[in-house]
Amino acid sequence: MRNQSPKSKPFQVYPINGTSMFGAKPFYGNEENKWGWLLVMAAFFNQMIAVGGGFSLGIYHLEFRKYFQGTSAEVSLVSSICIGSLMGAGPIVSYLVTKFDSGLVTILGAILSTASMIGAIFCEKLILLYITFGFLTGFGLCMSYLPSTILVGLYFKQYCSLATGMISIGIGLGELVFPFLYTYIINVFTWKGSLFILAGIFLNMCMPAFLIRPLSNYEEKFAPEPLEIVKKDFSELNKELQTIIIPDTHTTNEQPKSLRLFGNIKFSVYFLNILLWNAGTIILYFQGLEFLQDEIGYNKETISSIMSAVGIGNVFGSLFGGILGNVSCCDKVIIYAIFHLVNGLSAILFVYVNRYKTFIFLAIIFGLTLGGILGIMYVIAVELVSHKSSSIEKVRADWTTVAGYVMLANGIGCFLGPPFGGWLHDITGSYTLPLYACGGITIFGGFTMLLLKLVVSGGASWSSLFINTITAD
């Protein structure tokens, strides 16, 4: 057991008499927060490869459409299954994180995504690509990046919004780099040869796994020596007793935690919002690329530069959203909804322009608001679970549950969006309706959160709407 100076307080618990969840004191100790920033680096790296690289796979969508000669809806299923699994496997991966070492889950995910990408090279039918390039690769990528993202939500209290914003920058950086990289290696090695290189890139996600430290280690490390409490005077002991939370051992026939989540109308609306937002925005990554190639006449290099502009905006938007989420005077839900509105409008305006510079401008705006949504989205989820939770074990269980179902909403939306956009194109023969759907669904998703806030505006604060959503009494 490490000796600690009398002034150090490496582990803190909120007192029963109430400390604001936005108070200045960190939820965990100073040394743990220092290691938390290394964990942010690990999450940043894996988000860049898994999520940023995953969302850039639309470049392969253009290659698959040419190689397999399928309809837009059929071919878009390949990458939509991949991205849907990447996001939608959240509940399964969050369960694995509670049962196994987070670093081990990350390494196994990197190996699975690598092996699946190599297997995709030998596929000559779309149905086989659905399994290898689609489901297995997406599931492996989810295992690679989600454990570190979950732990970031547990390591930080005061700077949670900033930390999540910083790791979301990795998504934007990936969207900036990977479209150019994919286009280059496809041109040099063909799409099949490029998958070998992509598999090697995915394998690199094993390295950040060694920076992952579970919180349970700290709870034991920073526990006081048995005799230390005797050395304190009774006034200090009395103050510390005020922070003790006695768990209610009364047993009832309660529903499982996941079912109680959807029994709460506020969380259900939040879940619907995330689903709609993903279903809308993801269309731009598929039918938007087809629009630029087929109707505007751009080549792959030009299309890659436009998609990379989305990544540039995403980098700054994630940082901006993370900073705003850390400012207590800002209404996060209003900002969140405004980001949805601008994000959807920028997608719709793609239909009305035909100049390269204008496309770049709209892509940057799209990415800026996309990053802003990412920077705030998980802060709302953290507020959802952090109001009454005090112990590490309880916070970890609650946060991993909510994070998993947020990812499930992401996955369902990402899975449904591209085939729906492809179907709209197949029945109309135009990309106008898919791009309208892209923006309209996103805007509607923002209005669902605004409407909920307006309905309850005469009641308690926004964060209190989520009390008792998943926390057990």
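Heads up, residue numbers simply count up from 1 along the chain you see.
Each Cβ is built from the backbone N, Cα and C atoms, and glycine gets one as well.
Note that the coordinates shown come from a computational prediction; the quantities given were computed from them, not determined experimentally.
So that you can see what the record holds, here are the features copied from TrEMBL:
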| type | residues | note |
| --- | --- | --- |
| TRANSMEM | 35-57 | transmembrane segment |
| TRANSMEM | 77-97 | transmembrane segment |
| TRANSMEM | 104-122 | transmembrane segment |
| TRANSMEM | 128-147 | transmembrane segment |
| TRANSMEM | 159-182 | transmembrane segment |
| TRANSMEM | 194-212 | transmembrane segment |
| DOMAIN | 266-473 | domain 'Major facilitator superfamily (MFS) profile' |
| TRANSMEM | 267-286 | transmembrane segment |
| TRANSMEM | 306-326 | transmembrane segment |
| TRANSMEM | 333-353 | transmembrane segment |
| TRANSMEM | 359-381 | transmembrane segment |
| TRANSMEM | 402-421 | transmembrane segment |
| TRANSMEM | 433-456 | transmembrane segment |
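When averaged over the domain 'Major facilitator superfamily (MFS) profile' (266-473), pLDDT in the model lands at 80. By the Cβ criterion (under 8 Å, sequence separation of 6 or more), the transmembrane segment (159-182) is in contact with the transmembrane segment (359-381), since 3+ such pairs are found. Below 8 angstroms of C-beta separation, residues 50-51, 54-55, 57-58, 60-61, 64, 105, 109, 126, 129-130, 133-139, 141-143, 146-147, 150, 258, 278, 282, 286, 400-401, 403-408, 410-419 of the same chain, each at least six residues beyond the ends of the transmembrane segment (77-97), sit close to that stretch.
Sequence-distant contacts of the transmembrane segment (267-286) (same chain, six or more residues past either end, CB-CB distance under 8 Å): 55-56, 58, 61, 72, 76, 79-80, 83, 87, 261, 307, 340, 343-344, 347, 350, 366, 370, 373, 377, 380, 384, 405-406, 409-414, 416-418, 420-422, 434-435, 437-446, 448-449, 452, 466, 469-470. With Cβ pairs under 8 Å as the measure, the transmembrane segment (359-381) is packed most heavily against 333-353, out of 35-57, 333-353, 433-456. Panel annotation: around the transmembrane segment (333-353), residues 277, 280-281, 283-284, 288, 291, 317, 321, 324, 359, 362, 365-366, 369-370, 372-373, 376-377, 380, 431-432, 435-436, 438-443, 445-447, 449-450, 453, 462 of the same chain, lying at least six beyond its termini, place a Cβ under 8 Å from a Cβ of the stretch.
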